[in-house]
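J.: Dumping what Swiss-Prot says about this protein:
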| type | residues | note |
| --- | --- | --- |
| BINDING | Gly66, Pro67, Glu68, Ser69, Ser70, Gly71, Lys72, Thr73 | ATP binding site |
| COMPBIAS | 338-378 | compositional bias 'Low complexity' |
| REGION | 333-378 | region 'Disordered' |
Amino acid sequence: MAGTDREKALDAALAQIERQFGKGAVMRMGDRTQEPIEVISTGSTALDIALGVGGLPRGRVVEIYGPESSGKTTLTLHAVANAQKAGGQVAFVDAEHALDPEYAKKLGVDIDNLILSQPDNGEQALEIVDMLVRSGALDLIVIDSVAALVPRAEIEGEMGDSHVGLQARLMSQALRKITSALNQSKTTAIFINQLREKIGVMFGSPETTTGGRALKFYASVRLDIRRIETLKDGTDAVGNRTRVKVVKNKVAPPFKQAEFDILYGQGISREGGLIDMGVEHGFVRKAGAWYTYEGDQLGQGKENARNFLKDNPDLADEIERKIKEKLGVGVRPDAAKAEAATDAAAAADTAGTDDAAKSVPAPASKTAKATKATAVKS
C-alpha cells in the first residue's frame, strides 16, 4: 500500500513538473528513444576509430590542444569541411586573426558559406558564440583559440597590469551558459587550445592548457595532438607524421591513440591512413614494397598506393567501410539489420529465379523434333 502511495506521489510530482516546465523536462530514462550518437568525421579514419563512435560527437564540447604547428587547426578545418559536405552550417570564431582562406579551401572548406567572426576581445567572442549556438541553426562552431580570448580589461589596461584569473572566470561563465544550448541544438563546439609550462613542477608533466579548469570539465572529448616525425621526399620536408591521443572521452573508452600523415598544402592524408589501417587489419596486403587489395595491385611504395586510392575514391570508400565494419565503428545496428534483410531478400529472389530457370519448358522446336523422332520409330 505504501508503495502505491509513493508511486502516486511521484506521478503527481512528474505531472506538475511537466505542467510548469514543459513536456520533456523530466522523464523516465527508458522512455527516451535510444538513437545512435551523431558524429562529424575528423578526416582521419584512424582518429574516427580511436574516438570509438566514428568521429566528433554532435552536441558536445571538444577540446583540441598541442604544441605549436602540431596540426590543431588543420584537424579542425577537416572537421569543418566534413560538416559542410554533410549539408551543415559552420561558424569559425577566429580570435587569433590568423585563418588562411586559401589553405582552408585546399582542405575542402566551402569558404563562401563559412560564417567567420574575428572579435576584438574575449567577451565579444563568447557572446557571439552564445548567440550563434542559441539560434539552433549551426552544426559546428570553432573557437581558435582559447589563449587568444583576451578579456576586455586586459586589452584596455596597461601592459604591465596583473589580471589573475580573468580569462578562467570568463571561460567558466561562458561554458555554463552554452553547454545546455549545444546539447539541445546538436551543435558541436571545438575549442582549440595552446600549451603552457607550469613553473616549479618537479614530478609529472609541467604542461598545462590555458583558460583554467572549466574547459577540462565541460569537454566531452579532449584530444592531445603531437608531431612525431617529419616526412621527407629526398631531402625536402613534405609533411609530418602526427599522433593524436584521446585524453578524455565521455562517449567511448578513452586513452586510445591514432597516427596519420599531414602533408603540407594538402592536410590529412586520408588515403595514407587507409593504407596503414588496411595493412594492420588484413584488408591490404604488403609484399616487399608492393601493396595489393583483393589481388589488385595498388602500387609500389606507399606514395604510389596513396595516389592510386586518391584516383579511385570508390575503392578507398570500400576499404574504409570494411575497416569500420570489422571494428564495429560507425555502423548503426538498425542499418546493419536492414542491410542483412535486404541481402536475404536478394538471395531469396536469386534462388527463386534459379528454380524458375530449372522448370522452364523446352523450346517448341526441340519438342517438335522429339515428336517427329518418336513417330519415325513407331
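Cβ from N, Cα, C; glycine included.
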J.: Which residues in the same chain, at least 6 apart in sequence, have a Cβ under 8 Å from the Cβ of Lys72 (ATP binding site)?
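T.: The answer is Ile64, Tyr65, Gly66, Ser145, Ile192, Ile225.
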J.: Is it possible to get the count of other C-beta atoms within 10 angstroms of the C-beta of Ser70 (ATP binding site)?
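T.: Counting Cβ neighbours of Ser70 (ATP binding site) within 10 Å gives 22.
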J.: Sort Ser69 (ATP binding site) into helix, strand or coil using the DSSP assignment.
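T.: Its secondary structure by DSSP: coil.
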J.: Around the ATP site (Gly66, Pro67, Glu68, Ser69, Ser70, Gly71, Lys72, Thr73), what further same-chain residues have their C-beta within 8 angstroms of the site's C-beta centre?
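T.: For the ATP site the neighbour list reads Ile225, Arg227.
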